[in-house]
Amino acid sequence: MGLFGKTQEKPPKELVNEWSLKIRKEMRVVDRQIRDIQREEEKVKRSVKDAAKKGQKDVCIVLAKEMIRSRKAVSKLYASKAHMNSVLMGMKNQLAVLRVAGSLQKSTEVMKAMQSLVKIPEIQATMRELSKEMMKAGIIEEMLEDTFESMDDQEEMEEEAEMEIDRILFEITAGALGKAPSKVTDALPEPEPPGAMAASEDEEEEEEALEAMQSRLATLRS
């Protein structure tokens, strides 16, 4: 570290351009991930409406928690995009410095952004590879592994669930519900066609459908 070009096989300008291309590619991956999670969330919303109409309080709560997890995952992905934009700006600055000084320089901004990006599971492998290349080039210093960030996630999740369930149910049902119901008698938005409620689904099938939905969301967030 510090000796620019010590083990470099490519010119600095070529390295910076390659890093920028990889970052943009990962941004597209993140965009797809966000869209997939949001599409699945729409399905969850419809399931919450159905469960509310049937007075299935436990199902409403489980699905609301899934939505909280999904929205939290989407927020983290948007944050990762912001960090990637910071790295891209840093790469532009490196090219400007390279033209003047003839070598790459250390960047605290890039360092901070990369420290955050290597913790994002969806892009972790690529970001670790990039960080190693940037360390060799002297742009960033060696980063320590930080594995403690998500230790309190479960506890925070429970607290958030208690606070957010009512709000989410109110939001999904356009105000027809303010909290998880014990029995719903009020008309909800987008009512079922006549006769649809008469044929209630088998309980086991509903459980399987719920588990399948949870599994899909967990896969998208992983």
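Including glycine, each Cβ sits where the backbone N, Cα and C put it.
Since this is a predicted model, take the numbers as computed values, not measurements.
Under the heading coiled coil, Swiss-Prot lists 22-54 (among others).
Under the heading coiled coil, Swiss-Prot lists 141-222 (among others).
Marked as compositional bias 'Acidic residues' by Swiss-Prot: 200-210.
The ubiquitin cross-link annotation in Swiss-Prot covers Lys179.
Residues annotated as phosphoserine in Swiss-Prot, with a large-scale study or a structure entry given as evidence: Ser200.
Annotation source Swiss-Prot lists region 'Intramolecular interaction with C-terminus' at 2-113.
For 59-64, the entry in Swiss-Prot reads region 'Important for autoinhibitory function'. Predicted-model confidence for the region 'Important for autoinhibitory function' (59-64) is 85, expressed as mean pLDDT.
Residues or ranges marked as region 'Intramolecular interaction with N-terminus' in Swiss-Prot: 151-220.
Residues or ranges marked as region 'Interaction with VPS4A' by Swiss-Prot: 151-222.
Taken from Swiss-Prot, the feature region 'Disordered' applies to 180-222.
The region 'Interaction with STAMBP' feature in Swiss-Prot is assigned to 203-207.
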Report summary line: Across the region 'Intramolecular interaction with C-terminus' (2-113), DSSP yields 93 helix, 0 strand, 19 coil
